[in-house]
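Heads up: the structure comes next, in structure tokens.
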Amino acid sequence: MKLLTAFSPLVVLILFQEQISCYYLTKYASSGYYQDADFVIGGLFSLRVTDGDTFISRSGVEDTSHIAEYVFADLIKYYQHILAMVFAIEKINKDPNILFNKSLGFFLFNVNFIEMKAAEGSMALLSGESPPIPNYSCRPEKTDKLVAVIGGISTSISIQISRVLSLYNVPQISYAPFDQILGTRVQLQSPYQFSMHTAALYQGIVQLLLYFTWIWVGLVVPDDMRGELYLRDITKEMISHGICFAFAEKVTEYSSMDTVNWKHFMERLTLTPVIITVGDTHSLLRIVYFVIFYNLSGNVWITTSDWYITTLPFEQNLIYTHFGGGLSFSFHMDEILGFKDFLRSVQPRKYPHDIFIRHVWSSLFGCPHYYQHRLWDLSQCEPNGSLSTRPLHAWDMNTSPYSYKVYAAVYAIAQALHEELSLRVEGDSSNKCLLQAPLPWKLHPFLQKGQLGRSTNEENTVNKEVSAIKLDIFNYQSLQSGTEAHVKVGEFVFDSHSVQHLSLNDKIITWGKHRSQTPLSVCSQSCPFGFSKTAVEGKPFCCFDCVPCPDGEIANKTDMDQCIKCPEDQYPNKQRNQCLPKIMVFLAHEDPLGTVLVSLAISLSAFSAMILGLFICYRETPIVRANNRNLSYLLLISLKLCFSCSLMFIGQPRTVTCVLRQIIFGIVFSIVISAILAKTFIVVMAFKAIKPGSILKMGMVTRLSNAIVCCGSIIQVCICAVWLGTYPPFPDVDMHSEFGQIILWCNEGSTLAFYCVLGYLGFLASLSLLIAFLARRLPDSFNEAKTITFSMLVFCSVWISFVPAYLSSKGKTMVAVEILSILASSAGLLGCIFLPKCYVILLKSGGHSRKKFFK
């Protein structure tokens, strides 16, 4: 292989520019697992976490008296990644049409999760042996056949591999979770990645949270650049859907937090029952250890397929106790046909050169362990042992997402080889060109246009013809058989047109050992009907207080941000969760108050008619004649009209009644007061006319009284005419004065005109009171001055009391106040002026004579 050039100084600079760990290239060097063939694919896998001193072994937590700073774990289930590659290569070799009867081999190394060991493994693939000699091909029979490399499992491992392979332009396919950072590193060749539509993943998580109404959640991400991007994107998506975080923590894969900080971190995990974790198994490995150490349980963990928690080597039920009931999202994978059968057939004697199967078998079947780093004794293992017999906590027969990526990566390389070899065959019919493996860099054009694309700042779709993306949702639950498994409970479909569909069978979901029902994950209890949310200062928007809706507003849903104002013609019920139609209110004839007022008005009107009839019958009696019969008739008729006009105030207000009732009231009352004023004036003028030498005649006094009545009434008519011509009364509604009622009332239009009418009546009444008061001592048996004085006092008292009562009342009460004022003042005039005369007419009419009258 003549790929190696004079890049040794550059290789050394790149590999050692960061002090990752004190690791020597020769420390525990492995020869790798090699299978010869015409073309060889390199594989760099991670089967063990060694971050320092032993903390946790396969049986669980070893020492619970303190928290170690380092962790150790054999990830036995990650051996499935290697088997997926072996299975894919064997399957390809069985099909002569893919590689034109050429075979495909592999060269595999375990780099754990150590970045320097990943660099060593990369150089071992280029050098042909381990420990490697940088920039030198020790085994050209191996290195000349290398066409591509698959690895690593994380971003940091992939970067170290890429730093070496990119110098020699060897294609690298990373099976790590998609990371935009891999495409932005300053290096010659970025690794190829399997695309992952993170927008679909975040949308799926959000829709799941909304489905269960989980709006108060925690978020845990790895403390690296990828975690920063996760945190930024998923936070933005969740906040836009009304979901907020109880906490957002970053977890380092190295020991950078002391015990106090870890205790504080564990306390924060108890703030909410639902925790979202976005990251891979290795980057979040430490949090698993501390959750078990602090015995934190009862949380619902929402994860992605990258955090394949069942791969961790713990004793039976230990993982399920703390993480059971969790939900995980995985991009839909087609089942690899024949892979489970292949796993059942895997045995050490079938693959005697597999250096990894020995450790796996000894762990799964209880064989003697590694002896002095050299010897293995598998004689005590089950001779016919099968991986399918192992429980879930030890081995998983289901294809993991990582295994699926490795399998797909092998086929992507095989497809690229097929296309490259096809070009050779077209140019050379003798097939001599197929004798040598193609140079690795020649596969780049085919990998770029195939299912895998170069990683850039934008994610590449695996299949550009398929716009819809489907995610499977799994629930980690315990089966009736006593084993634990990931059970598919739903799926989420997302396409480029933003069409989303979440289907979930929540009836088969279990929530672990500590919960029997769906957990409630909210910061504040839901605000019931009739209450709205108000923010709590210093807390996220999901934390709120519930306050009752103000008057006139309702909340007909739970957790309303603002109450809804009822329409003007409706009002809220007592619970303030529904708007009810307001009741139309006016002083109706059927109302008890309306009935009483109607009866009173009719009775008083009839009573005034009876007095009028009495006066007509006894019109020739001295007392009737002495008090000016015509004015008495006019006054009684006007009072009867006053009683009758009050009936127009009762009933639903209409345009005609609103206009006529105040106008008629004003004019009729002006006639009444003018007639009383004329009567008072006659009393005074009569005594002056009978004095010796007076120029006044009784006929002149009578004509003058008629003029007073006409003049007083005409002025009121003019005031009413101006009122009607400018701003007349009209029917109106009052929706706000009384709760739950719409008051139908007559708006007086011009308030000034209304009070001018009342003021003019007050002026006439005051003038009558003044004249009557001055004439009260005139010597006459039929002198009306005293009764008029008393009647005017009653009249003025009623209407003076009317003004404040009228202004302070609303609706039916306001109308009733005016009706009572009309009836009371009219009844006062009727009683004070005419009842004494009726008494005289009916009981003492015989004792009066004209002679006595003139005395």
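Just so it is clear, glycine is given a Cβ too, placed from its N, Cα and C backbone atoms.
Source: prediction; values computed, not measured.
Per Swiss-Prot, the features are as follows:
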CARBOHYD  Asn101  N-linked glycosylation site
CARBOHYD  Asn295  N-linked glycosylation site
SIGNAL    1-22  signal peptide
TOPO_DOM  23-595  topological domain 'Extracellular'
TOPO_DOM  617-630  topological domain 'Cytoplasmic'
TOPO_DOM  652-662  topological domain 'Extracellular'
TOPO_DOM  684-706  topological domain 'Cytoplasmic'
TOPO_DOM  728-753  topological domain 'Extracellular'
TOPO_DOM  775-786  topological domain 'Cytoplasmic'
TOPO_DOM  808-814  topological domain 'Extracellular'
TOPO_DOM  836-855  topological domain 'Cytoplasmic'
TRANSMEM  596-616  transmembrane segment
TRANSMEM  631-651  transmembrane segment
TRANSMEM  663-683  transmembrane segment
TRANSMEM  707-727  transmembrane segment
TRANSMEM  754-774  transmembrane segment
TRANSMEM  787-807  transmembrane segment
TRANSMEM  815-835  transmembrane segment
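Below 8 A, the CB atoms of the transmembrane segment (787-807) and the transmembrane segment (596-616) form no more than two pairs separated by six or more positions in the chain, fewer than 3 in all. Nonlocal intrachain contacts for the transmembrane segment (754-774), taken as residues 6+ away from its ends with a CB within less than 8 angstroms of a stretch CB, comprise 662, 666, 669-670, 673-674, 676-677, 680-681, 683-684, 712, 715-716, 719-720, 723, 748, 784-786, 788-789, 792-793, 795-796, 799, 803. According to DSSP, the secondary structure content of the topological domain 'Extracellular' (728-753) in residues is 3 helix, 12 strand, 11 coil. Using a Cβ-Cβ cut-off under 8 Å and counting only residues 6 or more beyond its ends in the same chain, the topological domain 'Extracellular' (728-753) has close neighbours at 551, 568-569, 571, 580, 582-586, 652-655, 657-659, 661-662, 719-720, 722, 810-812, 814-815. It is 631-651 that, among the stretches 596-616, 631-651, 663-683, 707-727, forms the most Cβ pairs under 8 Å with the transmembrane segment (815-835).
If you average pLDDT over the topological domain 'Extracellular' (23-595) in this model, you get 81.
When each of 596-616, 631-651, 707-727 is scored by its Cβ pairs under 8 Å to the transmembrane segment (663-683), the top-ranked stretch turns out to be 707-727. With a 10 A radius on its CB, Asn101 (N-linked glycosylation site) counts 11 other CB atoms from all the protein chains. Around Asn295 (N-linked glycosylation site), taking its Cβ as the centre, 11 other Cβ atoms fall within 10 Å, counting all chains. If one looks beyond the transmembrane segment (631-651) by at least 6 residues along the same chain, the residues whose Cβ comes under 8 Å of a Cβ in the stretch are 586-589, 594, 597-598, 601-602, 604-605, 608-609, 611-612, 615-616, 624, 657, 660-661, 664-665, 668-669, 671-672, 675-676, 678-679, 682, 705, 709, 815, 818-819, 822-823, 826, 829-830, 833-834.
Looking at Asn101 (N-linked glycosylation site) and Asn295 (N-linked glycosylation site), their Cα atoms lie 57 Å from each other. Outside the topological domain 'Extracellular' (808-814), and at least 6 residues removed from its termini, the chain residues within Cβ reach (under 8 Å) are 585-587, 591, 593, 734, 737-738, 741, 743, 745. Per DSSP, the topological domain 'Cytoplasmic' (617-630) is made up of 8 helix, 0 strand, 6 coil.
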